[in-house]
Structures are given as structure tokens and as C-alpha cells.
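Peer 1: Please see the structure below; I have some questions.
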Amino acid sequence: MEIIRGFAPAEKRLSRRDKAGFFLDETQRAELAKRLGVDPEKAVNGIIDDIRKQGDKAVLEYTLKFDRAAISKLEVSPAEIKQAAGEIPAELFEALKLAATQVRAYHHFQKEAVWKAAEIMQGKQLIRPLERVGLYVPGGKAFYPSTVLMTAIPAKEAGVDEIILVTPPGADGKIPAPTLAAAYIAGVDKVFACGGAQAVAALAFGTKSIPKVDKICGPGNIFVTLAKKAVFGVVDIDGLQGPSEVLILADQYANAEYCASDILAQAEHDVLASPIMVTTSAELAKRVNDIVETKAGSCARKDIIRQSLRDNGLIAVVDNMDEAIKLANMYATEHLCLLVKDSEQYLSRINHAGCIFYGEKASVVMGDYVAGPSHALPTSGTARFSSPLNILDFVKYIDIVNVSKEEVTKLGKAAVTIARAEGLECHAEAALKRME
């Protein structure tokens, strides 16, 4: 990993974050298109257009083209979903159930807090769950049952009427049993074997098989993300997720093995993942780097890890915790790990992060699977203005206005004055009628 010293060099290096293609200028976009062999935005727009015109037929054709899966139907039957729950190892099934319990409890607690606030606003505002939500779960060569739980359960707790899940099938045309088992545990209503931009388009516009949804949530590759960006406005989306990232703040008291294990876990995600550590200890920086370099070669995904560390890994050594926290807030990371003495005292100084892990035992991996909050977090600096996926993503607020006879004269007079100042005489007349 690259080790740099000093606040200014670290700030400059961290500001060069890869935006994964959806915030790039024309030159950067051209470079990305050359690397991928296709202009991703043009490809996505073409796919969306095909889905709008041809529906299921186009979805099936793209599933064959991109996933090499020759399937004749998109929907997975309820019987297949239930059957999958009995096919996976008992230990995995119990682990998924425990994770589901944790996620459900966390979001139920949040729901109670939100509904309590709504009671205070009684007569002023209504809360209504979205009717139908589409969840995108990455798949194909790998499978992510944890993402099913982390997206479906908050939607379920919020009261969404119908939860639709899309995920790419393998080359055999099937969705992995752990993914289906997680859908069963989470209470997903329908599952469709399709992925990529074509699945996003199908959710946004609807096909004969796949119903149109009100909102699309869940992470994916650059094509999925650009498709979500393109259909925003037709439907709502949770955000534009880029490559996964962690920033570890560590002082001289930090356990070097813990720091190294979290860095390796982050690098294991994919070659675009960003494992970052900012420390006040040059000695710790060297120890952590030595451990990472030694262990990386023995990991199952060593090639991915090494490329991630080479291209995006960084250890920055700064003078004090003030500088470290300033860098953390500037970077606005997806995962922020506080491996420092008395870590709780620094929580009030963190303004921008998707999720904060403090205390030695709070590994990011716990948040990935079993801590309770959703692991669907803002990335690429969007933690400066957005939040983790939660029940508020699956409800909407409706304001209520009622004006009493006692209020209408005072309020109406002001309304008439403002309406006439804006040159809207009919507005003024409507207010005057209520004042008669």
C-alpha cells in the first residue's frame, strides 16, 4: 500500500476519488469507455429503450447475452423460493435468520421513533408507505443474500405493500439458493431472474411479467447505477452507489492486526474498492502495511486484493487527531472505523460518514452482516448529503392543511396581498371567497 506523510499530501490524494463513471467529465468518461470497450451511458440508454419497446422479450434476450442464461420465464415461483430455504446448509439458514432478526429489530426501533414523531405532528402530516418497491441484488458469478436482508427488511418494516426483487441468474438459469432463502426469510413478494440495466428498466417501466414499481433500491455495477440514474424521475431511487470504501482512523493504541484485517476485508470486495487508513502513528502505519503485504498473498481473492491495494489503497500519517478527523469529514466515507483510544468521544466531531464503527470489536464486517443497520450506505462522498438505507426510504409524507373560521381572515388577508404582489389575481380571488 502507498504510505504518505502529512495532512496536505493526504488531502490531495483523498480528493482524487474514483467516481465510478457517473460523475466523470467527458475526458474521463472517454477513458472509461475505452477501458470497458463500450460507452456505458450509451449502452444503458439503448438497453432502456429496448425494454420499453419490447418488454419481456428484450429482458430475456439481454439475460442470454450478458448472463449467458437461456431462460424462458423470468419469475421464480413461490414454491421454488420456499424450497431453497430448505436446501441451504442449516448453519447458513440460522445465520441468515439471526441477521434478519437484528436488521428487523433495528428498523422496528427506527419505525417506532418515526411514528412517534408523526403523532406529535397529528393533524399536520400523514405518513404513507410506498405501495410497490423494486430491490436490485447483485448476482451472477457471486451471490449476496445479506443484501436481500439489508434492503427488503427495512421496506417490510416500513409497511410497503409489495416487494419485488430482481437479481441476475447464473449461467444455469438459476438464482443461487442462499439468495432465494434470504428472500423467503425477509418476506419478499416476488423474485425475478434478471439483472443489469435491463432489470432496472423493467422495474421502472414495467413489462408483462415484471410490475412497475415506485422506487428502486440496491447496489450494482456501473451499468446498474447509470440505469438507476437514467430512470430517476420515472421512479424514485435510493441513490447512486459507487465502489465500496472504508476509512480507518487509528492512533498509537490501535491493534495493528485489527486494522490490517479490516483493510484486507475491504480490498476483497473488488478491484475498485478503497481501503484507507489515517493514523497519527508512523510506527503503526508500518506495522499495518507489513501485515497487509504478508497476508494478502495467502487470501483466496489475492489478485483482487492486490489490485485494490495497489490502485486505491492508502495509509496516511498525520500529526494529530484534529487533522485525522478533518480528513475523515472531507472524504465522507461509506464506512468509518474509529480504532482510537476513547473512541466514543470523537463521535460528536464526525459530520460525514455512511456508518461509524467505534470500539475495538466493531469490525466493518459486523455491519456488513449482523449489526442491524442496513449495509446499503452512501459512497463516493455522497455521505455529505445522504443517509444509509432505512425505513424513511420507503415512506412518504403528505402534508395536511386545515384553516379554521377564526384563522381565515388573518391568513387570507396575507394570502391576498402576496398573490397580488405576484400578479396572480385568481389566487387572490380564491382566498377572498373563503373570507366572505
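Using N, Cα and C of the backbone, Cβ positions are placed for all residues, glycine too.
What Swiss-Prot shows for this protein is this:
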type	residues	note
ACT_SITE	GLU334	active site, proton acceptor
ACT_SITE	HIS335	active site, proton acceptor
BINDING	TYR136, GLN198, ASN221	NAD(+) binding site
BINDING	SER244, GLN266, HIS269, HIS335, ASP368, GLU422, HIS427	substrate binding site
BINDING	GLN266, HIS269, ASP368, HIS427	Zn(2+) binding site
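Show me how these features fit into the structure around them.
Peer 2: GLU334 (active site, proton acceptor) carries neither a helix nor a strand DSSP state and counts as coil. Sequence-distant neighbours of GLU334 (active site, proton acceptor) (same chain, 6+ residues apart, CB-CB distance under 8 A): SER244, GLU245, VAL246, ALA353, GLY354, CYS355, LEU377, PRO378, THR379, ALA383.
Remark: HIS335 (active site, proton acceptor) has SER244, GLU245, VAL246, LEU247, GLN266, ALA353, GLY354, CYS355, PHE357, VAL364, GLY367, LEU377 as non-local neighbours, by Cβ distance under 8 Å and separation of at least 6 in sequence.
When Cβ atoms from all protein chains are considered, those within 10 Å of TYR136 (NAD(+) binding site) total 29, not counting its own.
Applying an 8 A CB threshold to same-chain residues 6+ apart, the list for HIS427 (substrate binding site) reads ALA415, ALA419.
Secondary structure from DSSP puts HIS269 (substrate binding site) in coil.
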Peer 1: Check the binding-site residues ASN221, SER244, GLN266 for other C-beta atoms within 10 angstroms of each C-beta and report the one with the most.
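Peer 2: When each Cβ's neighbours within 10 Å are tallied, GLN266 tops the list.
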Peer 1: How long is the line from the C-alpha of TYR136 (NAD(+) binding site) to the C-alpha of ASP368 (substrate binding site), rounded to the nearest angstrom?
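Peer 2: Cα to Cα, TYR136 (NAD(+) binding site) and ASP368 (substrate binding site) are separated by 17 Å.
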Peer 1: Do me a favour and check the Cα-Cα span between HIS269 (substrate binding site) and ASN221 (NAD(+) binding site); whole Å is fine.
Peer 2: 12
Peer 1: Would you find the one among the binding-site residues GLN198, HIS269, ASP368, GLU422 whose Cβ has the most company, meaning other Cβ atoms within 10 Å?
Peer 2: GLN198
Peer 1: In the same chain, outside TYR136, GLN198, ASN221, whose C-beta lies within 8 angstroms of the Cβ mean position for the NAD(+) site?
Peer 2: PRO138, VAL166, PRO168, GLY195, GLY196, ALA197, ALA199, VAL200, GLY220, PHE223, VAL224, ALA227
